[in-house]
Structures are given as C-alpha cells and as structure tokens.
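Here's the structure we're looking at; comments come further down.
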Amino acid sequence: MHFDYIIIGAGSAGNVLATRLTEDSDTTVLLLEAGGPDYRADFRTQMPAALAFPLQGKRYNWAYETEPEPHMNYRRMECGRGKGLGGSSLINGMCYIRGNAMDLDNWAQEPGLEHWSYLNCLPYYRKAETRDIGPNDYHGGDGPVSVATPKHNNNPLFHAMIEAGVQAGYPRTDDLNGYQQEGFGPMDRTVTPQGRRASTARGYLDQAKGRPNLTIITHALTDHILFEGKKASGVEWLEGDSTIPTRAMARKEVLLCAGAIASPQILQRSGVGDASLLKAFDIPLVHHLPGVGENLQDHLEMYLQYECKEPVSLYPALQWWNQPKIGAEWLFGGTGVGASNHFEAGGFIRSSEAFSWPNIQYHFLPVAINYNGSNAVKEHGFQCHVGSMRSPSRGHVHIKSRDPREHPAILFNYMSTGQDWQEFRDAIRITREIINQPALDKYRGREISPGITCQTDEQLDAFVRDHAETAFHPCGTCKMGYDEMAVVDGEGRVHGVENLRVVDASIMPQIITGNLNATTIMIGEKMADAIRGREPLAKSTASYYVAGDAPVRQPPLR
C-alpha cells in the first residue's frame, strides 16, 4: 500500500490534516486510528451533558495513569486521552477556550517561531470555527467546528457567578476568546446547533470520509514508523488483536498526530529519541533527539464546592427518574439539560502583579460533582474549578518496552516548585472571596469542600496534595523550537530526519492559558497550509488586550 501521506492518529489535529490534505483530489491520504469509530448512536460521546461517561470506561479512553507523583502524596493520577475518531475531542469537556494572545506571542519570541504570533494564528482559529451568533474579527462563520454561546435564559447560577467575580474586583469580559480574555464572562462550547458534541470527527471527517483519496482504518495501533536511513518511509501497525504487523508506505510524509502521550512514545519506539533510553530497550537508533518525551506539562485543578440554598442546581438531573425526560428532550429536540456541557461561565485572572497575563482559570458548574461523574454531592450545590495555568513544573513520557500495547511511564512532576504552591493557595483564597460577594448571597450555603476549617497554608497544601486532579491538558513533549531540547521546527518537521512531522498538542513549547482543544485544531489548520505548500492566511489586524500597568483587581464590594 502506498499513499502520499500517512497520518497517525485521527484526533483533534489529525482529522484537520486528513480533511484539508484531501481537498486536493490528486493527494492520497491514509488515516490510522487506534480506537474505533465515533458511534453516533452512543449518547455517551454525543450528548454534551454526558461528558463524564466516556472517561469511565476504556472504549473511548486510553485511561493512562501516571507514575506515583512525588509532590502529590505519591498518588497515581488519571491521565485520560481520547481513543477513537475524534481523539480527545470525542471525550473532552467541550469548553471552547483558545488561550491568551500573549501565550502565542510568547512562543513567537523564539527565533524561528515568529510566525506563531497571535495575529498570525487568529486567522486559523477563525477558519476552523462556525460560531452560532455569527462571525466577527475574532470568530469564524463557516468553519468545521460548531461553537455554541451561552444563552440569556440559562441557569441563574452562571450569571450570579460572573457577577460575583466582578464584584470581587476583577474585570468583566463578554468574550473569553475575543478582545480580552482577562476577567469573568460566558464560556463558549463545541456543541452543534442540534445539541450534539462537535468533535473533529463530526466537523471535519464527515465532510472528508466520502472522498476516494482518503482511506481511514480504525482499530489500527501504530507500532512504529519505518525509516530508510534518516528518511521516514512508512508505518507499521497492528490491527485489532493481531500480532502480525500491517504496513503502508508514504511517498511524501508521515504525519504524527497521536497526542502528547502517544506521539513521543511512537517516536521512541521508532528509534527517534534519547539514545540512552532507546539503548535500554535495544531499539536501533535512527536519530538522537534528547527532547522527545521531555517538557511534559499539564493543568492541575481542584474544586471548591458549596451548598446551594435555592433549588436551581442540576442536582435533579442526576436522579435516575428525571433522566428519561432529559434524554428524550435531547434526542428528539437537541435541547434541554442534555444539550449543554454546563461549563457556561468562567474566567481568567492574575493572582498577583508578577504575571503579565492571567495565571488562574475558573470554570463554574451548577452542581457539585467530580469531573468524571463520581462523588456527586447528595443535595443542591455548585462548584468552582480553579487551577494555575503556566506551572513551571516539567515531566516526561518514556516508553517502558517496545510493545505498543504497553502504556508508557508518565510523570508530570506536578507541584514541584514554590510558585505552584503559592498559586494554589492564592487561588483558593481568592475563590472564597468571590463566593462571598453579594451576587451569590441568595444561593450560597455552607462550603462543602474543602470546608471552612481548611485555612492555613499547611491545611490548603494538604488539600491540594490529596484532591487536586488533572484538567486533562497534557502537552509539550515534542516541542517546537531550535534549542537542544526541541523536537520539531516551526513547521512541525522533526529535527535530524526527513519526511516526518509532528502536528498535535505535543509541539506546544509552553502550555497555554486555557483549554487545549481549540488551539490544537488551530495548529492542524496552520500546519495543513504549510504541508500543502500554500501561502499562510493573511495576518490579522485585530486589536487585543495587554494588561500593561492595569491593576490585578479593583477594591472588592465585600
């Protein structure tokens, strides 16, 4: 089998590449996916409110676990990644958050990455998006990703939480992806007008899968990339439970889009990585690249949970006797409780003047429950998810064997610096100040978690060690750049070899301020033009907010 391009991983970036490359009818593409189809009849991946379900099994989730995390009481922590057409866009929380303009401007300060500035990238965010209230300078109107905005008649807790953030002295913003990210405001979501999850399988592959020049193979677990000398020439994979590899050859390039955990793992198994690690597993060295699998970053977050005095939370929706009606309303009308991810309000703030752009993110949820659907509080409640955005902690992903079915050793090294601890203490204390504002007076009951007895630095630190969880945003393990730990150049080409690119969240040099999915899709769009040899889209002329000397906050109301 010969193809022009072989794409490994039909996820948030891989599906973008498969769709854009096959727009050229004389270009043939093979798309390999280790998981299965995105079964449209399975409400678990299609109903936005069911977002906790795909995380609970292994049909759609790789369900990786970390090594014992040394600063987190040696807990083995969850590291869920999407498996199946759509990748992590099939199982994520559907928050459409792009990050801060300064994140990209920060990447672009590195020599060779100047074309990754915010204004260079904004046209690609717009190209990917169709926003339900129409396009403007920041948003698209005819892209493959459906974005839904919160409506005025949604849960009153969303409005109260935004007001409370403003009353606490922080800015208000009407669009967290627009002119100004900093502040509290409504949060967009990747949901279609019919109330379905807008994964990249739905948005991109649906328009491409009928093309004769695109071949999609599911249940195809990539073993390794084939090389002729230093030139990537093809891919070997295992289908289903088979132990006999299948292979295909690439006339032009192999495009690795397996994500921040699997992409470095595949490179290492293929002979590209740190020579000493590969030698330990008798893997023939193709190219010594010490940065492969290093620079691992993530967002850590925790929940502050409160009793709700008014019966307006989502608690009734968790009762089995209410669920048939909710399901029917969603299935037949695409409306109701089932049609939202319920992260419809949030915010970004600076916890101190030391930060030039926000370092803390909030998601608000009008129910008290764990992200994966466990430990629901048996009463009306609400919660704030809060966490730091650009932790200095760095981890790694290392293979444990040559077996593609064995998970790698993953260590995030969470909370390994003093900055991490200070940010989380500040975040908890600021959250309590926000919750104490007048806007929440009629709703706010007792603090369920961590509880008002948790006050000192030592008590807060112990709570974080015991209860903080991943926000499921791993990145950075094949970083872009030109220093000795960089893995790819500014076009995603792997240093030291030919005809091989990495295009996914692993190439982010530094994690962004917010959820990763929208930016991973943008990376796919931008790289697709580079691979096709097309002129980049014209740089945007939109203005954007830079805090400069603006104070972190105004005096709070209370």
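Any Cβ shown, glycine's included, is placed from N, Cα and C.
Listed in Swiss-Prot:
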type: BINDING; residues: 4-33; note: FAD binding site
type: ACT_SITE; residues: HIS473; note: active site, proton acceptor
Which whole-number value in Å describes the distance between the Cα atoms of ARG20 (FAD binding site) and the residue listed as 'active site, proton acceptor'?
25
Take the Cβ of ASP24 (FAD binding site) and count every other Cβ within 10 Å, whichever protein chain it belongs to.
13
Tell me which residues of the chain lie with their Cβ under 8 angstroms from that of ILE8 (FAD binding site), as long as they are six or more apart in sequence?
GLY14, LEU32, THR222, ILE225, VAL235, VAL254, LEU255, LEU256, CYS257, ALA258, ILE266
Measure the Cβ-based neighbour count of THR28 (FAD binding site), defined as the other Cβ atoms within 10 Å of its Cβ.
22
Show which residues of the chain containing HIS473 (active site, proton acceptor), separated from it by at least 6 in sequence, have their CB under 8 Å from its CB.
ASP298, HIS299, ALA505, ILE511, ASN515, LEU516
Identify, in sequence order, the residues in the chain of VAL16 (FAD binding site) that are 6 or more apart from it along the sequence and have a CB within less than 8 Å of its CB; answer 'none' if there are none.
ALA128, PRO144, THR200, TYR204, ILE521, GLY524, GLU525, ALA528
List the residues of the same chain that sit at least 6 positions away from SER12 (FAD binding site) in sequence and have their Cβ under 8 Å from its Cβ, in sequence order, or write 'none'.
GLY86, GLY87, SER88, SER89, THR200, ASP504, ALA505, ASN517, THR520, ILE521, GLY524
